[in-house]
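**Student:** One structure is given below, represented as structure tokens, and several questions about it will come after.
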């Protein structure tokens, strides 16, 4: 595979152990009235896009076709995606392209820090593709980016949304310990029964261990995770995952509706009503999460600054 090959949709998931039923995927559920995406062509939206291109930066907002991109860019916020735009995994719910990535760009931390300083952002989220090709999974690059941002914008709070560092957990946590974030986020995405189908290459217990080990090393730093509904899970399974997260000392939670990027992706199995999301939010609060954001359009980094503020991060 060429280094610049971008595989998406059916081409990306063709080699997955559990195949997507494209016939079922073609029978799309009608989107309910509460699923509404706001478009934006505001000056701030255009300014953010221009600055990203000038600095050769990627955002998960664009690469994953996030439905909230117009609102977030319009507010002058973005979730920056480091380590390129090619992922070594083939998750069928995700619209980020699969391929053989290039080597990490040594100038990316500086470009990222420059952009954040120009935009005068108070809170940023840094995420990445999975980099199974790197010995540390990309952890050193995360630390370099955090350090560069703090050098130029010491008041900016930094949340990182990391891959699972599977097979590299110990070395990854060692790298991050040199320059830890203000919030540590790693998404479980779905329930353990659906991992082989929805997260090929990942392991549910490993992801929980990542969150627990980070919390053990940095008890004062909030940990966070996110789930998508509509992949085939049951309500009872979601509640059980919430319990697992609390048992592994996770502080914050996001739960949102899965939206199918294309017919080549995993189909939407159900649309969860706003009322049911509110029920999940009440359950999460009762389980002891310091903050839980649950709603159809909630994403792990959507209004992350507000979530962090409500959880006590200034």
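Keep in mind that glycine also has a Cβ here, set from the backbone N, Cα and C atoms.
Dumping what Swiss-Prot says about this protein:
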- 61, 66, 72, 301: [4Fe-4S] cluster 1 binding site (BINDING)
- 73-290: domain 'Radical SAM core' (DOMAIN)
- 87, 91, 94: [4Fe-4S] cluster 2 binding site (BINDING)
**Student:** Closest to residue 61 ([4Fe-4S] cluster 1 binding site): which of the binding-site residues 87, 91, 94, going by Cα position?
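**Tutor:** Closest by Cα: 94.
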**Student:** Select one residue from 61, 87, 91: among these binding-site residues, choose the one with the most other Cβ atoms within 10 Å of its Cβ.
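**Tutor:** It comes out as 61.
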**Student:** In whole Å, how far does the CA atom of residue 66 ([4Fe-4S] cluster 1 binding site) lie from that of residue 94 ([4Fe-4S] cluster 2 binding site)?
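**Tutor:** Between the alpha carbons of residue 66 ([4Fe-4S] cluster 1 binding site) and residue 94 ([4Fe-4S] cluster 2 binding site) there are 10 Å.
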**Student:** When DSSP states are folded down to helix, strand and coil, where does residue 72 ([4Fe-4S] cluster 1 binding site) land?
**Tutor:** helix
**Student:** Within 10 Å of the Cβ of residue 94 ([4Fe-4S] cluster 2 binding site), how many other Cβ atoms can you find? Include all protein chains, please.
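**Tutor:** The Cβ of residue 94 ([4Fe-4S] cluster 2 binding site) has 25 Cβ neighbours within 10 Å.
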**Student:** Could you give the Cα-Cα distance between residue 72 ([4Fe-4S] cluster 1 binding site) and residue 91 ([4Fe-4S] cluster 2 binding site), in whole Å?
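**Tutor:** That comes out at 24 Å between the alpha carbons.
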